[in-house]
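Undergrad: The structure's right below; bear with me while I get my questions together.
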Amino acid sequence: MADVITLTGVAAILSVVVFATSNDIPVGEMAYQKLWLGRMLFVFVVCCLLSFCLNRKKHLSFPTIVTWVLIVLGGMEAVWGLRQIYGLAASNHSLYALTGSFYNPGPYSGYLAMIFPLCLYEWLSLKEKTGRTWAEQGKYYIALGVMLLILCVLPAGMSRSAWIAAAISGTWVYGMHASWGNRVKGFGRKYKKRVVLACIAGCVIIIVAGYALFQLKATSANGRLFMWKISSMAIAESPVIGHGTGKFVSAYGRAQESYFANGEFSETEELVAGSPEYAFNEYLQIAVEYGIPFLLVVLLVIAFCLWKGSSEGRIGLCGGVISFLVFSFSSYPMQIPGFAVTFYLLLAACVIGRSKIMLFLFISMMALLGTYYWNNNQYVACKDWYRSKMLYNIGAYQSAKEDYGKLYPELANHGSFLFEYGYSLHKLKEYDNSTRILEEAMVHSNDPMILNIIGKNYQASGEYEKAEEYLIRSTHRLPGRIYPYYLLVKLYAEPQYRQPEKLKYAAEIVLTKEPKVQSTAIREMREDVKKIIVDYNMKVN
């Protein structure tokens, strides 16, 4: 009975990532998931405390419960993905057919890759058993079925990070199960030359495979490398204590701006640069926000959990942790609350085992996390924002301003919300208020459009030097964008701030720079610049 209650609590908390999706808040917002995590963490705590009272044994099978709940949820996600592939279910993103219950195929694939080693280990363990009971026979086929489903869906996600995570964790699980370590040692003593040749051949294969994966989506790979480069520069600015919780975007934006301002960058870097919300590397993200010492402490805790889990024979759970760690090198699973809590439970299952004391400590931590999610939830505000956003999208800025003003106290840490609020004020010619809100938005977003609108505010207020400063900052933040140069042309054409040479330089960039994507807006800007040049009798070579 106690195990059934614990199973209910674990299933409640782990199922949030699968079932907690909402269509009445902006896409990608995690407020609804956090709301349900707060509720389900409370259910988890209550169930575990009840199991303490009812359980007369000295232990609970917590690792087994976590393993099988994840396998079942992995099967559900895989079936969900197959239905999306065949057009039987809608995806959560207009650009991708396959997302599962997530908003993007990347995290979805990473989630399946994390569950793959759990299935593999359970299947291998049950396969060796002779005279399996009906329950074990059922588990055997469930583990095998889910594993095959994951292998069917994973290639369609086109996530190289997930493929590598599944391959490495799966190889580790199989190697541990088959005792490869002892075999390799014995083989190495007998055939040293063959081992050396095998290692060389293995390295060549890995290099070739890595190059092939890189070329599969070279632009995306170059983008990740550039993000890691800028993130490393942000870490160098404050390596010990970091920039603070949630300050990654502002630190990244400043670092990228400084990098491009120096002028020493390649065309590829200009092409792939963007305004990311995450580092696409959880280790760098932690170091940016909290500093290198904190990152080392986190890695030590994870290493201890892996050592404890492997020494206790929880190979499947450790494989899931390894898959998550590999995936975290080039994605953002910790930024998805349900995904992050799943990782916490995997770590806990590695360490807790059948110990009630350790489980009670973990329950206490989950209670604190649940309290935080419950008390600091913005779901209702995000839902109201989603409704007000329709007014913003149709240009009803006065009505949008009134609604945004009411929501401002609750959503003052949302960069997108602050930008929309500031832009509405800009369109209503409330330039000082707009600039104030947009300055706040810069703390929570690295979008160069914020700098553009601040520049336009200052230009409209007659503060031309400040306008020039912010527009130039925008060209440094993302030099591949043509729009800030167009705004500079209009600024330098102002009768009170006429700058012929600067106008000529900016106009030349607008007319000759190759955009990432040709559009009607680009053509209109170029036509407008040509008119400005004619009006001032200037020629652009």
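Along the chain as shown, the residues are counted starting at 1.
Backbone N, Cα and C define each Cβ position, glycine as well.
Positions annotated as domain 'O-antigen ligase-related' by TrEMBL: 146-298. For 36-54, 66-88, 108-126, 138-156, 162-182, 194-214, 290-307, 314-330, 357-374, the entry in TrEMBL reads transmembrane segment.
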Undergrad: Cβ under 8 Å, sequence separation of at least 6 from the ends of the transmembrane segment (162-182): give me the contacting residues as numbers and ranges.
TA: 106, 109-110, 112-114, 116-117, 120-121, 124-125, 150, 154-155, 213, 310, 315-316, 318-320, 322-324, 326-327
Undergrad: Mean pLDDT for the domain 'O-antigen ligase-related' (146-298), as a whole number?
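TA: 87, rounded to a whole number.
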Undergrad: Any contact between the transmembrane segment (108-126) and the transmembrane segment (314-330), i.e. 3 or more CB pairs below 8 Å with pairs at least 6 residues apart?
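TA: In contact, yes.
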Undergrad: How about the transmembrane segment (314-330) with the transmembrane segment (290-307) - do they touch, taking at least 3 C-beta pairs under 8 Å (6 or more apart in sequence) as contact?
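TA: Taking Cβ pairs at least 6 residues apart, the transmembrane segment (290-307) and the transmembrane segment (314-330) are in contact, with 3 or more under 8 Å.
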